[in-house]
Amino acid sequence: MIVQLICTVCFLAVNTFHVRSSFDFLKADDMGEINQTLVSEFLLLGLSGYPKIEIVYFALILVMYLVILIGNGVLIIASIFDSHFHTPMYFFLGNLSFLDICYTSSSVPSTLVSLISKKRNISFSGCAVQMFFGFAMGSTECLLLGMMAFDRYVAICNPLRYPIILSKVAYVLMASVSWLSGGINSAVQTLLAMRLPFCGNNIINHFACEILAVLKLACADISLNIITMVISNMAFLVLPLMVIFFSYMFILYTILQMNSATGRRKAFSTCSAHLTVVIIFYGTIFFMYAKPKSQDLIGEEKLQALDKLISLFYGVVTPMLNPILYSLRNKDVKAAVKYLLNKKPIH
């Protein structure tokens, strides 16, 4: 977890430098003659340079999207209709599952359509909507992962006070604050990005309207965007990760103090799925944005294609793994899934 914390701090620094460098390049271009006709739509480049890969990519992403819908949908239904799951942990898990469905549905369907129809243009308003939902879901997920870590900390380190600290009012409020904060953050970032003038180049070198890719096309000062994104990263990436880090430090200390091997194993099993999701989530973000800049000079086109495939892992594979990890590592979830599928009582 210490490595994850350091990685995220590095991500912040590199992310800010990356956007600032892009702005410097745009500022230099503005000194020349640029077509000042404001763009009314954007063109999503995707993997247009690799037509053979696109076919494989379409089939792969379609299968994964169906798994996301089914897997997370089953977890949501189980958390609602099974009384065994009316607890803070499964309430947060249900929220995370719903978030994963919303997050992927904001970009995957349009990506699939563009791959099969070769229609890659997206309207200005459509890009804004896609950017808003993508950023909102990402921000909310960071907060939810932090809330889930705090839930595990209270359950393991303060079990007697767990019903009091994590009362129904408390955990519903925690989830609501996560959603509201993520939405407000995304609205601010989206409005600041889409208020910028976009002239000349309208090609987004990405599968979706990712905010950093869009900012590169702006032909105006983006200093305010940089400042707000740094603040946003601190609030929605670093702070939740610090909560996760310290929660697991206390959890680890408590587990090591247990005399029973069975108790230690049971305590760790309740955290392993969440910890795995956190490592994948933050690890992928770090790998996407904190790679050494020197690598961009060698095989830039291939590296850009690799970055897009990594973004697939971040945007599709992680939401797909969430229900799988929680189902495989949790007997209650597996029993509930069997109950929903077979409609037989759970013993």
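Placement of Cβ uses the backbone N, Cα and C atoms for every residue, glycine included.
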Swiss-Prot tags one of N35, N121 as N-linked glycosylation site; which one?
N35
Go through the topological domain entries in Swiss-Prot and note whether F207 and L252 share a side of the membrane.
no
Per DSSP, to which secondary structure element type does C127 (disulfide bond) belong, with helix, strand and coil as the options?
helix
Considering the transmembrane segment (228-247), which listed stretch of 130-150, 170-190, 268-288 counts the most C-beta pairs under 8 Å:
130-150
Using a Cβ cut-off of under 8 Å, list the residues of the same chain at least 6 residues beyond the topological domain 'Cytoplasmic' (248-267) that approach it.
1, 149, 152-153, 156-157, 275
Any idea what DSSP makes of C219 (disulfide bond), helix, strand or coil?
coil
Could you check if the transmembrane segment (56-76) is in contact with the transmembrane segment (308-328), meaning 3+ Cβ pairs under 8 Å among residue pairs at least 6 apart in sequence?
yes
